[in-house]
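Have a look at the structure below, then the notes.
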Amino acid sequence: MAEILPRRGADSWPVPLLLLAVLHHVTAQHVNRAPHFVPQVGDMSHFTLAEDTPVGTPVYQLKGIDPENDQLRYSISGQHLSVDALSGVVTLVRSLDREELDQLEVIISITDEARESSEPNTVSLRRVIPVTDVNDNPPVFLNRPYIVNISEAAPVGAELQINPKILVTDRDAGLNANLLVTCSTREKGSDAEACATFRVETVVLSSSEYEVRLFVDAALDYERRSAYVVTLQAADASESPLRAAASVAVAVRDEQDQPPVFLNAPYSATVPENTPTNTSILEIIAKDGDTANPRAVLLTIEGDTEGYFKLVPEKPLGRGVLVTSDNPIDRESETVLQNGGVYTFFIKATELINNEVPSDYTVTSITIIVTDVDDHAPRFNKDVFDISIPENIENGSPIPGLSIYVEDDDIGQNSKYDLKLRDVLNSRDVFAVTTEHGEGRTPITIKVTDSSRLDYDVDSDEGRLFSLDIVSSLNDVELSAARVNIKLLDVNDNAPVFERATYKFDTLENTTIGSKVGDVAATDKDFGIFGELEYTLTGFGSNLFNTDKQRGGLYVQQELDYEKQKSYSLTLFAKDGGGKSSSTSIFIDVLDVNDNAPIFEATEYTRTIRDGATSFEPQLVLRAIDVDGPTQGNGRIKYSIESDNSINNKGRAFEIDEDTGELSIVDKLDSMDTPRGQYELIIRATDYGIPALHNDTRVYIRVGVPGNQRPTFKGNYHLYKHTGNNQTLDNTNEYSFDLNPMNYKATIKENAKPGDTVTKVTASDPDGLDALLVYSIVSGSKDNFVIHEKSGLITVSSDANLDRDVSPERYELVVSAVDSGTPLPETATTTVLVLVQDVNDKPPKFNFTESSTYISEKTKVGDVVAKIVAFDTDVSSKLKYSIVKPMRALSKAGVQLQPNSPYDYANLFHIEEDTGEIRVNGTLDYNQASIVILTVKVIDVNAEIDKDKQFATIDHTIYIQPYADKNPQFTNPGWSTSRPLIYHKIKEDQPIGSTVLVLAAEDPVSGHLVSNYKVINSETELLQVDPLTGQVVLTKHLDYEELTSPNLTLTVKATSSDGARHSEAKIVIEVININDNPPIFEKEVYRVSVLESVKHPEHIVSVKANDADAVLTEQDKLEGYSDIRYALRGENSELFTINNVTGAIQIGADKHLDRERQSVLRVLVEASDVPRGGALRRTAAALLLIDVLDVDDNAPAFDKSLYTAVVPENVPVGMGVINVTATDPDEGLGGEIRYEFLDEGEAAGLFSIEPRSGWVHTSGALTGRGRTAPYRLLVGATDAGGHAADASLAVYIGDVSANDGVPRFIRPAPGELLTVNENTAPGTVVYEVVATDPDDPTQPSGQLHYYIQQSDDLTPAFTIERRTGVLRTRGALDRERRAEYALVVVAEDAGRPPLRATALLRLAVADLDDHKPHFARNLDDPPVVMLVQEEVPIGTEIGRLRAIDEDIEENAAIDYAIISGNELGAVRAERTTSNEARLVAAARLDREQLDRLLITLKCFKHGTTPTLTDAYNRLDPSHIQVLIKVEDLDDNIPEFVGGNVTVGVRLNVAPHTAVVTLRAADADPGAAPLRYLLAAASFQSPIQEKSLSNVSDVFSLDNVTGELKIVQNLIHYADGIFRLRVLACNSDEADRCGQVWVEVTVVRERELLRLEGAGWSRRRLGDLQAALDAVLAPRALRLQLHLHDAAAHTHLGPCFQLRSVETGSAQTARAMLATLRALDADVRRVLEQYSVRNVTRCGPPPAPPRAAHTALLALAAALPLAALLTAVTLCCMHDAAKKSSRKDLVGVAPSRLYSEPLYSS
């Protein structure tokens, strides 16, 4: 606020005097009015002053106004401003500093001149002038120096605790004081790794004060780097920021995190066995991996299981000598032997905390190669061997079951020895040893040399015993021996024998179950169990029979049926107790028994004949069938009449042919001869079986009355009845025959379709109209044929099955024609002989699905071994047989032979193509292939239909039997020729050389044991077979844990002594797992340190033990040999708990640790396998050592509060200055002290302190730093717990040099990046380098000059002025060629010697937009092709394109536009943030409307408006063409052309007339072909009761062409409407079909009108119909044309009908004429337009009458009168006759018999 101040002294005027003066002045008119300042522009309101305004600068002009226009004078108070009294110009007379004075308070005054006696007027204002800030103060770091100590174990994200804190201030205000502190890599002594390791954060404390915090940003590692210098740079936010820098010295404190390290590891040596005790072997040296404060290392031996060595320690700790122990080294010990003479153990180096508590450790291996010394004699695996051998063992055969080996534990030459036999009892020259020299471990085989002396059948028992010694020696000196005792055994050397090779039996089919069919038995010469036989029965039909397992024989087990199976072929096997077997073949013929009576084709027969008839027309034949075989009449039947109901001629009215069953009339029949006018006969059919069986049926013959003449058939064929045998219809010249009435004959193929015409029968009624005849098929059609009841047309029925395989070859259809005469309708019958012609359309078949044959391997080449027979029901079939390749063959072991097998099994057999006989084509060998499976194929070469499908195949298995079964037979349990498998179990851990199994095979020819074994296939390397003895011996130590499968498999071949015969056996040895491995802890000693303050449930450590026992089977899982459970043992175990499954150890509940009571806790951890317990459980233990650590609760303390030191300025860097020390009574980490500088002050960077020792050293040059005042530093000491103390350090630096000031750069600041625009003109000033020198600037040592450090690739671009440091461009800059420059600028003083400093100036070349976007394409490149499916959602991405712009950032932003080809807007181009063009669907893509799109895409600068053309320019690189192909989907369903269809057909339209051809189409280009289906058909009749819901049999629809035909006569559908639903499909999905409704109207011709005219066409008729429909629309009528008439396209014109649009009902002809007359004008106009001459009745025009017609009409008129008179007369006569002859009978005959059958068979 401004304030008006009165003139000094005015306050003392008395008020009265003032009032008098004013009054006087007013009266005299000489008033001097006061001046005033000009508001806003002259009164210093809103005036501010910048603090950097130079002294003497005019800053303002005061302006005032005096009412009297007198001269004004100005004045201003204060020391900083002065004013010109007359002009009012205010001038700054004293410099300003906002930081000292932020505002000026002044008083401005204006004074006018005095007038006459009045005093001058003075007006004063008080003004406060703000001093605005200028960025003239750089940031200042407080509390320097900054030194921090941090553990290398500090986690990422941990904050560095710097004390005192790093504070930065800036005395400026606003943006000039807004600071940001960063880690700089440009300051001297800093590096990029420090900035990458630590993160800097700036915290605002106030507007001008900030705190800097440092955090760990990357893992620390003392061993990699122990110290960092983090250079902090603080910069304000002004346009020309000022900066300050400070260094933070970060010392990384080493932690004990590295295990010990062995020197020269690993270790190995060679030592002979039995080396003396305390022999020195190796020197072991280890040291702590932590280098800063290494601990003592303790060496111990681990894994020396045999105790061969000990470690003699040396001083200092960490060194030791490995020497032999008191236990001598044994080369033959199992441990050394299994490892090939190598003994391995470990040396553990363990760190010791305080030389007591163990900590981290490292283990290295020691490998000792043990050399052998001859110190063992050979030894046998047993002292005495007792063995039993069969008596029939052959010469040269090894003794089976004898597993002997001798072993010398020495190796090499030391393990050699000799072997021989020594006779003890009966063994001289009977046995011999196969190996006379041995080495190491040698299996011993004893073979037979004289088998003649091995005879069980001797008198004395001693003769069956043999004894001998096996002796090992060296140089004829016996070393060891073993006794072998041998006992002879009797053997099974006889097989069962049947008396005959084949047996044949007969049995009746009605033999009772359990009855014996025959005796079949075998004998065996052996005794005891070898002579006991067991019988089994096999073969097709063996389920119907059985045999006694002990006694043999053949018995009936199920009912037999001759009619199902007439014979059986079985095989009976006999097997003795020794496994030998033989077989015999049994053939059984089933004898027929007459157990089937004849069966008539019908249960009863009916026939109606005329009264007085003498024969049946047609013939009445009764047929019966008997299925019994030839011995029971072979189906012959004898027919007889058992009874009849004739009144007068009983037994004489009818007779029957006993062979054919034809019933004939003996005398004319009379209706009065029966009680009710109907004859009832019982006919019997009797077979010729023994005893004879019969069956009866009834025949009903109704006798009509005369008066109506029977119709007659015209016929086209005489049916001949042959009396000759086995003759065809076409060959009748030499045989007699009877001529029957005229009949019909027709021929049709068996594949005829429903509706196909067979023939047409025609009858005439001599006394009635032929049109009233009703035709029907009486019998013989078997539902395969139907007849039109009016026309007599016989067609194939819709349910017909004419297949000759299941239906007859010929049909005799009895067709009747019934007239409408009275009093009874008459019936005429004829026989239609329909012959079904065969079509070769059936594939051949086999009677069975597979077959087999057993043959001997000695069957000769060319012999027939089997015959394969197929049948084909087609008459013209011709079958050819072949064998389909490849064939399959199995070895006798059941293994399938491979196609590349050396044995040519594929050509062993061939088949005769015409007969199907299979012959041997090669040499058979049971040992190579025992089963051959042939796939036999038969084809019909005369096939007519589906030729490629007319074939059949069958698998025929040929079993090749070994010749006389002379191959060797293994006697081991479980082996057989059909299942050559030997299974054996052994436990693991068997020693090398153990015999796990002895194979024994017997030669059935010689009866001796086989002594020639060979392994032909082995799946394991652990087993070998002795070729003489068959011993299966382990070649390696058997360890279950080294197996991948518990089964060891090999295949062994046993060969006879002559080498001609052999057998194979597959040996499977199952290894049984045992619990031979105890749990083993991963560590023997677990060491862990915990604080004494830990609580439950804190996790301490997890122990882990492993059990090497393998788990290969489910049984292994159940045993649990490798399933481990944990427990704690020992005196301290109650303090902890352990998870018995995972091994996790925790502090126990309510338990506490107390380091003062016990600092080390020992706990025993136990691991056990087999969780269920028991004797097999194995246990291991490990020691857990827990070091209880102290809790840190004491702070360090310095021994002084102030330290003082003096150092000259010319001392070298690193010189020790003073040692400051502090102490901490805590133990361990809590007692370790780290030293650091808390505040370096002005000595920042000059000194460093050792973090561990407290020694202060010079860290930088002190030159130029000398002065009398000390540098003060604050030293901090911190323990690991964060407790701290501090002390002051005063350092005096003495000045001893003149030029000791090193230049320092002010600009550029560290890390400063300068930006220069590209294309800048040469010589442009881009920067000014500024440096300072602490020396006197008036002296040469303080004067600087600048230059750029020479570099060939940089000097051409820039130059610097030597004195001023101005940097200019030397040449043009191009960012695309080089984007950045780094100049090393040197500032050097002129001292002697000169001192210099360097700075790195980085210049970035700013990009200018000097490139245009373009596509990377060639001129003639084809369009880019993209694919997209139709109907994808709008917005779906189709593809992406990228253009190129060599500029960067916003200058390289590219946009895109589609300039042509997208007229439909189908796609759009979108720009992505990555400068790509993203093409997306912008509208619906329909493949049927748009299959491809060729667009032109243009690229241009983003944010600009390009000039767009409408065509692709190949020369313009900003253009590119994109071809988008739309891929089709099946998204259209078929659609019918024209929609729903309405057609009319006439009532008398012929069957198979096409009604309409429907057309449908699928718009999908790749759509499948269409097929048409009639889905529904209904009929709507004017009479509701006659409407039908399903009339699909009236129409047929061609599923390919869509042609719709009528297939039935429409006589019953007059005036009705058919409604058909037709589908068009090309997919299996029902909802993917199109549909159309077809309306077919049936009209009578008389109800139609005709349009007479000429030149009709379909198109013209369509136009006419549309025009007339428009005229008829107001009356809700429509025109329906009927075009199915040839007259429609002649001059007569088409017929038509008018129908209601709503109901579809048709108008009569009369109503239609009335409608046309009512619309006369409109209709006439349309008819004249289309040249219609007239509208008349539809139907042929009447012909003119003729004279003959006129006469005939007159006669027809007279006939009714004559007929009436005649009828009256006859009726009267007939009535009188009936009354007189049959007064006692009352009956009324039906007037018509349409509804009941007239004939039935």
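A Cβ is built for glycine as well, from the same backbone N, Cα and C atoms used for every other residue.
The signal peptide feature in TrEMBL is assigned to 1-28.
Among the features that TrEMBL reports, domain 'Cadherin' is placed at 41-141 (among others).
Among the features that TrEMBL reports, domain 'Cadherin' is placed at 142-262 (among others).
Restricting the average to the domain 'Cadherin' (263-380) gives a pLDDT of 84. What TrEMBL lists as domain 'Cadherin' is 263-380 (among others).
The domain 'Cadherin' annotation in TrEMBL covers 381-498 (among others). With helix defined as DSSP H, G or I and strand as E or B, the domain 'Cadherin' (381-498) counts 10 helix, 60 strand, 48 coil.
Look at TrEMBL and you will find 499-600 (among others) tagged as domain 'Cadherin'.
What TrEMBL lists as domain 'Cadherin' is 601-713 (among others).
Look at TrEMBL and you will find 740-846 (among others) tagged as domain 'Cadherin'.
As annotated by TrEMBL, domain 'Cadherin' applies to 855-970 (among others).
According to TrEMBL, the feature domain 'Cadherin' maps to 978-1081 (among others).
Marked as domain 'Cadherin' by TrEMBL: 1082-1198 (among others).
As annotated by TrEMBL, domain 'Cadherin' applies to 1199-1305 (among others).
Within the domain 'Cadherin' (1420-1536), the DSSP-based counts of helix, strand and coil residues read 4 helix, 52 strand, 61 coil. What TrEMBL records for 1420-1536 (among others) is domain 'Cadherin'.
Summarising the annotation, TrEMBL assigns transmembrane segment to 1751-1773. Using a Cβ-Cβ cut-off under 8 Å and counting only residues 6 or more beyond its ends in the same chain, the transmembrane segment (1751-1773) has no close neighbours at all.
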Summary of DSSP states over the domain 'Cadherin' (142-262), given as helix, strand and coil counts: 10 helix, 56 strand, 55 coil
Helix, strand and coil residues within the domain 'Cadherin' (499-600) as assigned by DSSP: 7 helix, 50 strand, 45 coil
Recorded stretch that, among 41-141, 142-262, 263-380, has the most CB pairs under 8 Å to the domain 'Cadherin' (1199-1305): 142-262
Residues in the domain 'Cadherin' (263-380) grouped by DSSP into helix, strand and remaining coil: 5 helix, 62 strand, 51 coil
Residue counts (helix, strand, coil, in that order) that DSSP gives for the domain 'Cadherin' (1082-1198): 9 helix, 48 strand, 60 coil
Secondary structure content, the domain 'Cadherin' (1199-1305) (per DSSP, counts of residues): 7 helix, 49 strand, 51 coil
Secondary structure composition of the domain 'Cadherin' (601-713) [DSSP: H/G/I, E/B, coil]: 6 helix, 47 strand, 60 coil
